[in-house]
């Protein structure tokens, strides 16, 4: 940096002066020709200064309505009225970014012209940044430039937009795109305005203050760090808000806090003024004030207006600092200081901040999206992105923004990291410096805080965990913290054991160490309101809490021990976990404390650290079994001695701690983290290279320091270790040795690293082989690590699960895991490792990823390493020379809901192929095999029973007796792995009930459900299972059935992604319909209508459902109405969905509606809401409604878990307070577009205008941001909106007891209304053919039109040829469509513009569909064939799953035979026999059709009968067939239907029962299909093609059958 850096504008250094005009004490700076004056309560001063220095005929004050309400206008009027001759005009604006527009600018200019204002006018911009930018631009352009002054009223405007002369308005394409540089004459910074700000707005401005200090002035930054409480107190504290109106107006009345605040504002303005003076037009140096803005603006572009500018810049500063760390080596300590400083002012420092995570829009923030937005940045040079890079606090790498490649930005921003194989890259010996020890750092912080005096901590770990600890200790006022040596040294001013309760909750994130230690420290707290002798008698409360995972981690033994010693601690939610309320009683009693130490040594350390401040000496006895992690206890004792307290070990597990105080050393060196050191050392081991870690040797306090000697050396590594250094050289790649067995109880945190090495340790170790308890010479069993189940995640299960993704088998045991090594060449590529938000999982798996062949291994949740080694990825990709790159660039930058914190079990993904195998799991006797066999038949798949596969290989009882249950489960897992690999498509696989008892099997199922196909939990009522097993001969469990069921139930949920209820015979049918969602084509976005079911049980609707659902595409199941309190049980809902699936094939819209949204579920019942709604996803419902009013993290999770379910994101304004034209409605729409596949907004109509406003809204968003939208108004006045709504309109039916919402209409009523409004013009439909006099087609279609309220007419047009009359009808403007029958099915094609592939291959068209271009009005005629579809439908309805690969017989070779042959081919028949009375015609037709149809002509039906066909289709007149010779031309053999079940179809229209159907009636396993059924089925297809609506089938059938039979009776 040149001499420019660090300086401020010269006037910054001038002393303040008392204004001769107003008496106010003023600080003045200069920015170019602009005077910047700072002070308190300056309105009178402003008026007098302007009158004196800028005389004018008129002064125009432009402000917003919010400031007007706060009295701003009155203050200025009073000030100007006190000056004779001053003319003040006022213009008020609506607040908010929406005002910063062309329209508002024009309105101001029109107003100014109307008031005859001239060029001498002075404009006063009083407000925030919006006012300043807008009014400045008005001043820049009105009459080619007016004088104006800035009077910023927000901190952000004071230090940012008001200084520098930038003015602008927004454009739909972006912010500030139209503007000018126009310098104000004055900037009046009146800090008194800040008293009117909410705290969030104050913090918003502090982001810019911190920014200027970070890039320019280290001294200012230190001031912001150390004086945050005073700075905030100047305007945020209660005392400040109660000050007199003149407080601070003069230096004599100014408090120290006010002076400090003004000083930091002045410092920030001084920096910007200095930079602007040098570089007014932003050619280089002025870029620096954009630190944090390159990334911050991209974040803001997505999250505005919900997240403020300063909040986005705060996150941007941290991310850009991380980029500087990666590109130019910015020390982590600088980033840690920046993060802590931002947090001091309540600013977000990560996108995972709760305020950001609460927004659904955050899922739009992807790496690709941010990079795309960053492309448009004024700092950029063409395609090169420019970012301001810090070199340290107070300085930048260059005096301008620096060029940074996209790849570097991606590595920092991306939510995942791709780690590529690196064994081929040679490396010289490396020295890697690891961060300070987390364990030592956290203990040192507590010890220094509890000590009296000052202690300097060096090499402290700068990470999330230590930040949490420091924040907690500061919040409890146990210590004050400051930085020295440019942040390399933390200065701790301890309070000697004095701890005060905090009014705010102490948030401990997922920092387990901090949670345990701070719980003990909180027991020393006194109430902050107590003083003197009363302190012991008054009590505050310390509220300790954390994130979702922290609330699952145990703390019960510590709480029990502290309670036994007088502490008053209450659990707030569940027992044994945070949150806790600790009553501030001042001290522990002392004496004997018994503590269970078999779960975590941190409990012991927590008591030890605080014990000296008990009222008496403490004797700590460790009870309850083997003590876990004794080295960490020894570390605590050794560190306590360094701080002046000697702990006496009076027995093996009994310690005596004296009542005393800590005496801090002046300096304490934190040694490097031994657990973190295992990763670079392991990389040396696995890649055959050399790595040295200094500051870690035999003299370390940490147990993990022995990792190199006790793990790596026996595995074949060369290890050199002295007291202060460790060097490891690995063997040749692939030559690591397995250890057989190893106890890692003394270094539990290192077991994951060891497991990675054991995964590829294929060489057995002779020294350990004899003592191995493993079954494999190349496996290693790790013991002594049971406590790792309750760390950041269940690490044992996580390692087993994630290793399986790489093809490595591992098995869980009670006290550890066994890892079976795999050759490096056999590791699976393309794995995606989920890290469970656990830093050690991420770093350890990145070690193993170094040797995985292929394109790379993806490490998800890469930011979790920030807990202990924030720069790990920089080190891995830098000094360690491992090829890495950002991954998942199109995924959200933050995972809003990690799987380890999900509210419920998994759901299906979008990755399944349509033929993906289906895996069934569930309790013994749940019906897996029965349902599976039936399902396999329905879906034409192969059924596999895993238990049968096992029993074919082994005698199960003998196997268990000889090898034990562990070996049985291991072999079961091996067989499962084989089945899932070899039978991944085209199968239904039923598994044994206990398969989920094995962690390895659960990992295999998890991988299968995530990537291959659905795993379905078959649920059956427990009483039925119990009853069945009580009378079965299956072997007993050896424990109560209820206990087995209770243990397995959560494991079934965890292992499956769907669940289905075995309700009886139709369970397979219901499941087949359920599986259409994950395995079929996604349902359409825009069906026309859905019917809302309002019954307490779906069974109650069965009698009317077919009638009530006429014309609807979807059924809505109102789950909240299934119980009187709106909260039905999961079991009840599961059963109701299954029953509905059995009864209807219509798609389901699954809705849980809250009270405030017009339903029955209580609004506060969030847990019930999310559990019930998630069930809809697991039940495979095609559409699921999610309410936008529910907590964002929960609905975001549902949206992410949707699979192929369509999400309807809904909002219902039941109170009528939301206006369609209000910005809030647009924001709801935008949010719904982000979360859902369909947006649903429901308003409340009181007048006709409300519906007109809705239509304006619909039109506007369709033009600006088109998205599938349901937009309707409730009540009768809103029925217009229901009439014109284009998709998924909710409807009722007269047969329903009540409408689901006020104003609902029926399908029939809506169509009538649409016709009257001209939205549904009348169309004419025809039947072309001859003879057609007796055709039922007009009755079919006209009945449908009438039932659904359609205005159309269907008529016969009989003609012998396709003549001019036919052409005239099909070309008419009101032509709606036509049916075509003999003899025109071929000749009609000459009039058509297109013919479907089906109709082409059949060679016949029976349906004409007009396609209209709504823009040009042009109509194209399209030909279809629905005959074959009707045959397929009716065979599928009755075949019971037999037709796949079956034999089919088609009788007759006439015109309709081709459709029948095509239908048989589409059904999958492996052999199609074709018989015709004239054999030659059958031969000719067989030769004409494609050879892949496999059509074989036969000359005898007797021969056909021997082939045992499963499907028979007759295409000859009924009178042409009989059972006896001479009766007709074709004799049907009596054994023609000799196969075991099938479907016989007679295409003949009359009589109703033909000889073939008579034959079917004589065979109970055969189903006969009448010609009238085929006519109806093909007509139903035609109706949907013409209208887009489902026909009212049942009502049509009733009408048509009656007419058909009446006509037959009259013949």
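Yeah, the Cβs are placed from backbone N, Cα and C, and that goes for glycine too.
Quick look at what Swiss-Prot lists:
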- 282: active site, proton acceptor (ACT_SITE)
- 297: active site, proton acceptor (ACT_SITE)
- 864: active site, for EPSP synthase activity (ACT_SITE)
- 1212: active site, proton acceptor (ACT_SITE)
- 1240: active site, schiff-base intermediate with substrate (ACT_SITE)
- 64-66, 97-100, 128-130, 133, 153-154, 175, 193-196, 204: NAD(+) binding site (BINDING)
- 144, 160, 166, 176, 208-211, 272, 286-290, 293, 309, 378: 7-phospho-2-dehydro-3-deoxy-D-arabino-heptonate binding site (BINDING)
- 208, 293, 309: Zn(2+) binding site (BINDING)
- 922, 923, 924, 925, 926, 927, 928, 929: ATP binding site (BINDING)
- 1-406: region '3-dehydroquinate synthase' (REGION)
- 419-882: region 'EPSP synthase' (REGION)
- 915-1092: region 'Shikimate kinase' (REGION)
- 1093-1309: region '3-dehydroquinase' (REGION)
- 1322-1611: region 'Shikimate dehydrogenase' (REGION)
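Features as recorded by Swiss-Prot, highlighted on the structure.
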{"residue": "100", "record": "NAD(+) binding site", "Cβ contacts under 8 Å, 6 or more apart": "130, 133, 134, 168, 169, 170, 175"}
{"residue": "144", "record": "7-phospho-2-dehydro-3-deoxy-D-arabino-heptonate binding site", "Cβ contacts under 8 Å, 6 or more apart": "119"}
{"residue": "154", "record": "NAD(+) binding site", "Cβ contacts under 8 Å, 6 or more apart": "127, 128, 129, 193, 194, 197, 201, 204, 205"}
{"residue": "176", "record": "7-phospho-2-dehydro-3-deoxy-D-arabino-heptonate binding site", "Cβ contacts under 8 Å, 6 or more apart": "133, 166, 168, 169, 170"}
{"residue": "208", "record": "Zn(2+) binding site", "Cβ contacts under 8 Å, 6 or more apart": "155, 156, 159, 160, 268, 310, 313"}
{"residue": "289", "record": "7-phospho-2-dehydro-3-deoxy-D-arabino-heptonate binding site", "Cβ contacts under 8 Å, 6 or more apart": "211, 212, 215, 271, 272, 275"}
{"residue": "309", "record": "7-phospho-2-dehydro-3-deoxy-D-arabino-heptonate binding site", "Cβ contacts under 8 Å, 6 or more apart": "129, 156, 204, 207, 296, 300"}
{"residue": "923", "record": "ATP binding site", "Cβ contacts under 8 Å, 6 or more apart": "993, 1020, 1025, 1044, 1045, 1048, 1052"}
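Looking at 1-406, 419-882, 1322-1611, the range that has the most CB pairs within less than 8 A of the region 'Shikimate kinase' (915-1092) turns out to be 419-882. When secondary structure is read from DSSP and collapsed to three states, residue 922 (ATP binding site) falls in the coil class.
Cβ atoms within 8 Å of the centroid of the Cβ atoms of 208, 293, 309 (the Zn(2+) site) belong to the same-chain residues 156, 160, 207, 211, 292, 296, 310, 312, 313, 316, site residues excluded. Note on the region 'EPSP synthase' (419-882): mean pLDDT across this stretch is 89. With a 10 A radius on its CB, residue 927 (ATP binding site) counts 25 other CB atoms from all the protein chains. Within 10 Å of the Cα of residue 1240 (active site, schiff-base intermediate with substrate), the following recorded positions from the list 286, 864, 924, 926, 1212 place their own Cα: 1212. Residues near residue 928 (ATP binding site) in space but far in sequence (CB under 8 A, at least 6 apart, same chain), listed by position: 920, 921, 922, 990, 991, 993, 1018. Put simply, 864 is the one of the recorded positions 64, 297, 864 whose Cα lies nearest to the Cα of residue 924 (ATP binding site). Shown are the binding-site residues 926, 929; of these, the residue with the fewest other Cβ atoms within 10 Å is 929. In terms of C-alpha distance, the listed recorded positions 97, 293, 1212 place 293 closest to residue 864 (active site, for EPSP synthase activity). Sequence-ordered, the extra residues of this chain that approach the ATP site, with Cβ no more than 8 Å from the Cβ center of 922, 923, 924, 925, 926, 927, 928, 929, are 993, 1018, 1020, 1025, 1062.
Considering only the recorded positions 210, 297, 925, 929, the residue whose Cα is spatially closest to the Cα of residue 64 (NAD(+) binding site) is 297.
Counting Cβ atoms from all protein chains shown, residue 922 (ATP binding site) has 27 others lying within 10 Å of its own Cβ. Within 10 Å of the Cβ of residue 130 (NAD(+) binding site) there are 24 other Cβ atoms, across all protein chains.
Note on the binding-site residues 64, 97: the fewest other CB atoms within 10 A surround the CB of 97. Among the recorded positions 210, 286, 293, 297, 1212, the residue whose Cα lies closest in space to that of residue 927 (ATP binding site) is 1212.
Reported as a whole number, the C-alpha separation between residue 1212 (active site, proton acceptor) and residue 925 (ATP binding site) equals 44 Å. Here the C-alpha separation of residue 97 (NAD(+) binding site) and residue 297 (active site, proton acceptor) works out to 15 Å.
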